[in-house]
Amino acid sequence: MDRVGFWGVGSTVGAGVYVLVGTVAREHAGPALTISFLIAGIAAALSAFCYAELASRCPSAGSAYHYSYICVGEGVAWLIGWALVLEYTIGGSAVARGISPNLALFFGGPDSLPWILARHQLPWFDIIVDPCAAALVFVVTILLCVGIKESSFAQGIVTVLNACVMIFVIVAGSYIGFQIGWVGYKVSDGYFPYGVNGMLAGSATVFFAYIGFDTVASTAEEVKNPQRDLPLGIGVALAICCALYMAISIVIVGLVPYFAMDPDTPISSAFAKHGMQWAMYIVTSGAVLALCSTLMGSLLPQPRILMAMARDGLLPSFFSDVNKQTQVPVKSTIVTGICAAALAFAMDVSQLAGMVSVGTLLAFTIVAVSILILRYVPPDEVPLPPSMRESFHLNQECDEEKDRDLLGDGNCNTSQTKDVIVVVESMKDPLVEKRQHKGKMDETKRRKIAAFSIGSVCVGVLILTSSASVTWLPFLPICIGCTIGVLLLLAGLGVLSWIDQDDGRHSFGHSGGFTCPFVPVLPAMCILINTYLLINLGGDTWMRVGIWLLMGVLVYIFYGRTHSSLTDVVYVPVAQADEIYRSSSEYVS
């Protein structure tokens, strides 16, 4: 497994098992936790296909922000980038918050950490602070500032050790489970104690555990062969993590009834309750290593997202500075570490995990929409980086010289000269001119139909998922809403399947990379599942995230919109996009 795969697996495996298993089983899914992981894994797999194509075509540190910037527009891209900032900052904070309870087991129990690192409840406030979590965030931040190679080496060692511990948990836990008769599955409440909606709500929460392949996409500018390494790293990370999550959730839920699980240390406490103290220390060691690895993977992408947004003028240039020695955005990394440490110090895991899932699901949904746009209505022009304007103007002068002397022996490309001759000759023939005009009109009509169809799919998904999730309404309005949503969704999918995809997709960005299969059905299914999971997140979570997004809108209105690089930008035909993305280390389109 290469460096990209290690980052993907290392940043994913750990959070879902060592932090969320106990909380989600107790509050949402019960014994059906395995199905929650499966549904979240399927949704993540659909998103991974979309991510893989966009990451290979447009490799950039901006990840989902960059893709939506190109395909949807700056305003939507800003909100996605703002949500990604929330995702990575809170993701790192949630993981750090899960480390200290596991670390305390080495000192004799949950409350045995030294006083300076132990959790304390602030007087007059319902807040439990965690100094150990904040300290760990600072340590990882310093490591990330040293350099990507050094961080990757540490990540690789920790990932291998963690995988060994997880295999031990599966084998040893299965042995205990067969001995005790899997008591966790014999509870009187049944397999779905909170109903199907509870299981789906659990899926929405544990979706947080699958954000590792998004980390892979954010390292695009530091990968030697992004067309090969990014899709491979995304696929490997997701497949390994989903298999491990499901296997461990089957074992742990069977060892301890869901209502008796420890929300902070579910795996370690499960072994301890069955008299395997020595196994508890092995599991705790793996938990601490895995969570540290996941913490590194969570804090790695956000500085690169901030760097991409700053390059586009939406944030101050302070965030786009890259250290010449380490080739790392040190300033952005430090700011990220300080914010993540503050959240890890003051917020609990359940609040953090739900907020991370919102950011993740929003990003994955817009990536799926971007695939549909890229295939059916790709942009005709893309912004030209300021660093390339001089060379572009030289090419324009060369083109003007060709126009003045079509048959001359200048330094320009012969094939481009032939194209100009064909255009000039076609102007002399009215039949050719009419046929070309008709073809252009047909293509314009096809793009309009495709755009309306993509809109129909998105609106249909929103109506369908909203209607299916509103349980307090009478049956008839729910049925009518679901019917309308299904009709709009199927109509949009039918038209997209019937019309041709745009030829411009072949020349957009890098060619020869991974291609998402089963378009438009697969992206539509991705949009449907992600939107349903989004709607099933709790109202408290949406209230907190809504405040964050409102802050983002205000920042964009009062700063990003006025400082955007699009206020003074040159656009070039999409045929030249390949040259632009080759210079992605200098600019994020």
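Using N, Cα and C of the backbone, Cβ positions are placed for all residues, glycine too.
Sequence annotations record features per position, and here TrEMBL assigns transmembrane segment to 6-25 (among others).
Note on the transmembrane segment (66-86): residues 54, 58, 60, 301-302, 305-306, 308-309, 312, 314, 355-356, 358-359, 362-363, 366-367, 369-370, 373-374, 378-379, 382, 545, 548-549, 552-553, 555-556, 560, 564, 566, 588-589 of its chain, located 6 or more positions outside it, place their CB under 8 angstroms from a CB of the stretch. TrEMBL lists 66-86 (among others) with the feature transmembrane segment.
The transmembrane segment annotation in TrEMBL covers 124-148 (among others). Within its own chain, the transmembrane segment (124-148) is flanked in space by residues 92-93, 96-97, 99-100, 103, 113, 116-118, 154, 219, 222, 292, 295-296, 299-300, 303, 323, 326-328, 330, 333-334, 336-338, 340-342, 344-346, 348, which lie at least six positions past its ends and keep a Cβ under 8 Å from the stretch.
The transmembrane segment annotation in TrEMBL covers 160-185 (among others).
Sequence annotations record features per position, and here TrEMBL assigns transmembrane segment to 234-258 (among others).
What TrEMBL lists as transmembrane segment is 278-300 (among others).
Below 8 angstroms of C-beta separation, residues 88-90, 92-94, 96-97, 127, 129-131, 133-138, 140-141, 144-148, 298-299, 302-304, 306-307, 310, 318-322, 352 of the same chain, each at least six residues beyond the ends of the transmembrane segment (328-346), sit close to that stretch. Residues annotated as transmembrane segment in TrEMBL: 328-346 (among others).
Marked as transmembrane segment by TrEMBL: 352-374 (among others).
Sequence annotations record features per position, and here TrEMBL assigns transmembrane segment to 449-469 (among others).
Look at TrEMBL and you will find 475-499 (among others) tagged as transmembrane segment. For the transmembrane segment (475-499), the residues of the chain that approach it from at least six positions outside its boundaries are 372, 376, 446, 449-450, 452-457, 459-468, 520-521, 524, 528, judged by C-beta separation under 8 angstroms.
TrEMBL lists 511-535 (among others) with the feature transmembrane segment. A Cβ distance under 8 Å defines the sequence-distant neighbours of the transmembrane segment (511-535), meaning residues of its chain 6+ beyond its ends; these are 39-40, 42-43, 46-47, 49-50, 52-53, 55-57, 200, 203-204, 207, 226-228, 230-231, 357-358, 361-362, 364-365, 368-369, 371-372, 375-376, 457-458, 461-462, 464-466, 468-469, 489, 492-493, 496-497, 501, 578.
Residues in the domain 'Cationic amino acid transporter C-terminal' (514-564) partition by DSSP class (helix H, G, I; strand E, B; coil) as 40 helix, 0 strand, 11 coil. Residues annotated as domain 'Cationic amino acid transporter C-terminal' in TrEMBL: 514-564.
Summarising the annotation, TrEMBL assigns transmembrane segment to 541-559 (among others).
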Per the Cβ filter (under 8 Å) with a sequence gap of at least 6 from its ends, the transmembrane segment (449-469) is approached by 369, 372-373, 376-377, 477-478, 480-482, 484-493, 495-496, 499, 502, 520, 524, 527-528, 531-532, 535-536
